[in-house]
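For reference, the structure is listed below as structure tokens.
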Amino acid sequence: MLEKLVINGGKPLNGRVRVSSAKNAVLPIIAATMLASTPSRLVEVPHLEDVHTICEVISALGVKVTKDEANQEIRFDASEITATEAPYELVRRMRASFLVMGPLLARRREARISLPGGCAIGSRPIDLHLKAFEALGATIEMGDGYVLASAPEGLKGNQIYLDFPSVGATENVIMAASMAEGKTIIENAAEEPEIVDLVTYLNSMGADIRGAGTNVIRIQGVKELKGATHTVIPDRIEAGTYLIAAAMAGGDVYVENALSEHLKPVVAKLKEAGVTVQEDVDGIRVISDGNVKAVDIKTLPYPGFPTDMQAQFMAFTTIAKGTSTVMETVFENRFMHVDELKKMGAQIRIEERRAIVDGVPKLKGTEVRATDLRAGAALVCAGLAAEGVTKVTQLSHIDRGYDNLVGKLKGLGADIVRVDE
Ligand code: EPZ
């Protein structure tokens, strides 16, 4: 049944909240478990819809997945990959399912995957993935909504230049090249921390990969990878979302398990806006009276300002003193939250990839809908700071990427409940 969040805004947030493991690290890592001929174990796995979906995809390909929900552990036995076709209804549900193509090519030398649909934030093509697989010796055929990749003689290492530092393409190619014959060099690779975590896991399985976190990654292919135990890094976007929530609602919040190293641009912008931010080895503290100043942001591939924090930060600017500009350079249509924020009284106008936000003293609670994952998170942050009651619908988007959002916000003193629509 459909549910909605009901938020009674205007209350400051106080206390400690612990960040879960990173969605955008655990998804490629679960795909990578397919490369191992002996079992792997992931610990502290977050309860996310997307984790459930990617587990369904690899199970359909023959991986035995054993979940220990109580201990947040999952075991993966990929000794047998019995199928090479990812089911349409699963790939349609989550684009990250496409990350099984690299492992399938490495283990079975073929993969048939339905084209991942676009989504609210853009068309999200996969051309960079396919071009890179061809460079590794795969032949690519586009069928009726399917992509068929095959490399009967096995993949061969090569020099690959990514036209754009795509996170998914970098991850897919790393996984394929990890078991290719010879050496692969990826240039203009994505540098996100989630890629570093994927490579940490792969190297613990016996891979030989260097340079993760820089824009040149060197991979020496190996014949076999063995399963390993891995703890996924904390979710920097979940952490950043709680920083924004506290900065907007006001209060004193300590975000435990947040790595400030991974959030430099977000922390810098919050400080520029006049929010008190204190970083230590265990987490990040935000102290705010809700009075914040306008700032300009421009999203960029890591280490620039993360596109996944753009919607949340735009919500923040709607109640900042002065005029802010928000420029989105990574996705072509990631302003779906603008209309919903305007329903709450935000003053925003869009000029192509730039949004100009004139801060208002207060937002007003009303009914809004989550158009995508981070837009939903932005609307929750806005509802916490708004006067009156905000109702957020289309919660399936939020459930994909936030583990126990309501429980964690309640723990900080928010007046928020999840009810049937
Ligand atoms: C990953 O998506 C993340 N998802 C996204 O997080 C994140 O926004 C994005 O990286 C950028 O940081 C996961 O890791 C599961 P890209 P991905 O390939 O890999 C274009 C969230 O909210 N592009 O780096 O799909 C693409 O259209 C989600 O957690 C091509 O043109 O992102 C986009 O404009 C949303 N051709 C840009 O590159 C390609 O072959 C960045 O995409 C691939 C991408």
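Even glycines carry a Cβ here, placed using N, Cα and C.
According to TrEMBL, Arg124, Pro125, Ile126, Asp127, Leu128, Asp308, Val330 bind UDP-N-acetyl-alpha-D-glucosamine; the candidate from Arg92, Arg93, Arg95, Arg354 that the record adds to this site is Arg95.
A gap of 16 Å separates the Cα atoms of Val330 (UDP-N-acetyl-alpha-D-glucosamine binding site) and Asn24 (phosphoenolpyruvate binding site). Of all Cβ atoms in the shown protein chains, 19 besides its own fall within 10 Å of the Cβ of Ile126 (UDP-N-acetyl-alpha-D-glucosamine binding site). On the 0 to 100 pLDDT scale, the model's mean across the domain 'Enolpyruvate transferase' (8-409) is 96. The two recorded residues, Lys23 (phosphoenolpyruvate binding site) and Asp308 (UDP-N-acetyl-alpha-D-glucosamine binding site), show a Cα separation of 12 Å.
Listed in sequence order, there are no same-chain residues at least 6 apart in sequence whose CB falls under 8 Å from the CB of Asp127 (UDP-N-acetyl-alpha-D-glucosamine binding site). Pro125 (UDP-N-acetyl-alpha-D-glucosamine binding site) falls outside any helix or strand according to DSSP and counts as coil.
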